[in-house]
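**Student:** Handing you this structure, nothing more for now.
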Amino acid sequence: MSSVPKFKLNTGALIPSVGLGGWGGLTKEERAATVPWFVTALKSGYRHIDTAWAYGTEKYVGEAIRQSGVPREEIWITTKLPWHHPGLRTAEQSIDESLKNLGTDYVDLYLLHWPQVIDWPDEDSEFLAEIKTRNSSPTFNETWVGLEEVYAKGKAKNIGVSNFSVQNLEKLLATAKIVPAVNQVELHPYLAQEELKAYCDSKGIVLTAYTPTGYNTVRSDPLIVELTRKYNVTPAQIILAWHNSRGVVVVPKSSDAQRQRDNLNLPNVAPEDLKRISALDRNERLCNKADPDGKVYGWTYEQLGW
Ligand SMILES: NC(=O)c1ccc[n+]([C@@H]2O[C@H](COP(=O)([O-])OP(=O)(O)OC[C@H]3O[C@@H](n4cnc5c(N)ncnc54)[C@H](OP(=O)(O)O)[C@@H]3O)[C@@H](O)[C@H]2O)c1
């Protein structure tokens, strides 16, 4: 077993390679119930939490940090600019809201959550109940200028994107003054994203994997189960170790204290086994799949570059 490594970003900052996913569920009650498990995670050694305005858990992350007694400056906080804000608020107004929710005056990483812009009619409504894309909205190139400004002001120590493909990163880099430090995307052995990984490596962008364990679908793959016996660990630990070996940051979500500890404590998997895990790739999305209309939050796979 190894201790949690840190990966260097293009700003020089060191990001803990394992963070805790901060998605808490759809209802207000589920979200409020995150505090105790954020606290157990911090107490068992997590120093990186991944949240988002859209998750409605920023204020509970802040509350858990204060309850845990761990100094704020020891914790890496990532949050995200929601995809209905562009055109309604400046990036600075968005981050100010998130900072207020979190009870801090900076975040370690601020991500543009999605490349597209949507309408979200009622901010108190359930998570994205009604979605309409605003095609006349600011482009992500325009929104990125706002992220560059909050970086310059020190409100975000690092800035990045989420759900960006090679196609959309190319468009972004055509105008960006600052290269994103991180791109957070769905990534697991069934969706290894080899092309995106190579592209991000070539531009100095670190990938963070969401849905990193691939749910029970990937965790129950026969190869993964076989390797759990060889290394005497759980399926999630095998998969998370595979990510870290590729230089990919992971943000598994667990509300269970034992599973949180497992996810932090990863084995060294031999190169020949890592190769076998990579060979499981089947370009299969498990989290954000197209709706029956063929779209994900209003954009086609073609627009998303998927
Ligand atoms: N940028 C984006 O658009 C985006 C989209 C989706 C997610 N995310 C981020 O990524 C985080 C994680 O994504 P995710 O929740 O989709 O995927 P995940 O972390 O791979 O899966 C979470 C599920 O796996 C279970 N689990 C976690 N560790 C386990 C273990 N060691 N053994 C068995 N089961 C385990 C959890 O159950 P228990 O809680 O019961 O342990 C939970 O049901 C989110 O919380 C969020 O921060 C970002």
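Cβ coordinates are placed from backbone N, Cα and C, and glycine is handled just like the others.
Worth saying up front: this structure is predicted, and the values here are computed from it rather than measured.
TrEMBL lists these features:
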DOMAIN    21-280  domain 'NADP-dependent oxidoreductase'
ACT_SITE  Tyr55  active site, proton donor
SITE      Lys80  site 'Lowers pKa of active site Tyr'
BINDING   His113  substrate binding site
**Student:** Once near-sequence residues are set aside, which residues in the chain of Lys80 (site 'Lowers pKa of active site Tyr'), 6 or more away, have Cβ atoms under 8 Å from its Cβ?
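**Tutor:** Spatial neighbours, sequence-distant, of Lys80 (site 'Lowers pKa of active site Tyr'): Thr51, Ala52, Trp53, Ala54, Tyr110, Leu111, Leu112, His113, Ser162.
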**Student:** Near the Cβ of His113 (substrate binding site), how many other Cβ atoms are there if near means within 10 Å?
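**Tutor:** Step by step: centre on the Cβ of His113 (substrate binding site), count other Cβ atoms within 10 Å, giving 21.
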**Student:** Where does Tyr55 (active site, proton donor) sit in DSSP terms: helix, strand, or coil?
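**Tutor:** In three-state terms, Tyr55 (active site, proton donor) counts as helix.
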**Student:** What mean pLDDT does the predicted model reach across the domain 'NADP-dependent oxidoreductase' (21-280)?
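**Tutor:** Its mean pLDDT is 95.
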**Student:** Using a 10 Å cut-off, grab the number of neighbouring Cβ atoms around the Cβ of the residue listed as 'active site, proton donor', all chains included.
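**Tutor:** There are 23 such Cβ atoms around the residue listed as 'active site, proton donor'.
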